[in-house]
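Listed in Swiss-Prot for this protein:
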{"type": "BINDING", "residues": "Phe154, Lys178, Glu181, Arg182, Ser231, Glu386", "note": "NAD(+) binding site"}
{"type": "ACT_SITE", "residues": "Cys286", "note": "active site, nucleophile"}
Amino acid sequence: MTVQTAQIVKNYIGGEWVESISTKMEAVYNPATGEVIAQVPLSTKVDVEQAVLAANEAFKSWSKTAVPKRARILFKYQQLLVDNWEELAKLITIENGKSYNEAYGEVLRGIECVEFAAGAPTLMMGKQLPDIATGIESGMYRYPIGVIGGITPFNFPMMVPCWMFPLAIACGNTFVLKPSERTPLLAARLAELAEEAGLPKGVLNIVNGAHDVVNGLLEHKLVKAISFVGSQPVAEYVYKKGTENLKRVQALAGAKNHSIVLNDANLELATKQIISAAFGSAGERCMAASVVTVEEEIADQLVERLVAEANKIVIGNGLDEDVFLGPVIRDNHKERTIGYIDSGVEQGATLVRDGREDTAVKGAGYFVGPTIFDHVTKEMKIWQDEIFAPVLSIVRVKSLDEAIEIANESRFANGACIYTDSGASVRQFRETIESGMLGVNVGVPAPMAFFPFSGWKDSFYGDLHANGTDGVEFYTRKKMLTSRWEK
């Protein structure tokens, strides 16, 4: 599917591209230009019903398909993603807005997720104990659980779906995906390539839409589990409603990630990492560096370096060469971000770089320039809330103890980083910080697909995280077999 031909995005149900029964449509915009590039249907629960029934029917045979055969389809799928790498990256940039280089990297992360899922024969192995008692043996076997629902966000339209459905189907499940209505084109292309790889009809289905589709998945009795990535309020809603309907749920939510810079840090390295982590993907990622806590002795130096580097950032259409910072996703998100910048000024923070004044902000598209606040306190909204935009807050502290104390007061706990050369400081940070993914001299400590994406507190709802062995546990259930064999 190309942008030029995707005037109306269709649902993908039972291996067929079908129109939604809904007549309601929502425009899909190129956020760099404001141009409408497609129309996506706001599908209904009837559409969800059709997709779930197709997935449930496909489960009967797919769950019995030999695990190596499932893996071979995924290996072919991985190669097709590689073959179409540049096309996929361009499509991400057009509908999401991030720079082409970042989109290219996102495709890589998606491919890595498929590679991990293709290892299903090893991941699905059970356990055996031959002699739990005289002549008696016990074994554990893994089985798929059924139809899975996946609800994905706009900010990583390839990587997050590839977190979900490849591993789920590798484990023998079937899948109904609801991509973000803001970025549906990439999901459609993923389905086309899955079909080309030989994935049977009904194993992967896509229903486009908004609230009705989400509720349809959460309420349907044949949907056995829900994987969600998105904002904190919606994640909490999905978790509560899903579990009320007796579903297994993993819901990845918001973040307010703290980066701690100590006196012995390599400031050149710290500056480079923080700039990339704070302003990459326009700050629209749950691992973005949104708060820096820096020891007072080096605070002036760090702020000066950060502002100088932020001033060098090229802002514009992500398809243009040398652009680093693209737009935020929609005009209302741009206005929301400007509202947070206004509140930071009103609450007394020092605005040392004003992203409202960049030239690109005044033109077409939904641009906000890199914004840096100094002298931020934890009473301010810009410290408390997830802004999900290129806005960085700097808090000055007297010690590592104070920095950790401040970070731990946040209700979010996705990631945290420390910049230091001290092993003792790293150990203290590791043992006392309340966060699930940690970095040492690394700006974005997002793990590879074979490790769990492990947020804490209000950054995650559930027991089993996405990816890694947690993902395998989430998408499977166990049978225990105890046998007595006598001569």
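In case you wondered, yes, glycine gets a Cβ from its N, Cα and C as well.
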How many other Cβ atoms are found within 10 Å of the Cβ atom of Lys178 (NAD(+) binding site), counting all protein chains shown?
26
Enter the number of other CB atoms within 10 angstroms of the CB of Glu181 (NAD(+) binding site).
20
Please compare the recorded positions Phe154, Arg182, Ser231, Cys286, Glu386 by how many other CB atoms fall within 10 Å of each one's CB, and tell me which has the fewest.
Ser231
Going by C-alpha distance, which of the binding-site residues Phe154, Glu181, Ser231 is nearest to Cys286 (active site, nucleophile)?
Ser231
For NAD(+), whose listed binding residues are Phe154, Lys178, Glu181, Arg182, Ser231, Glu386, the greatest C-alpha pairwise distance in Å
23
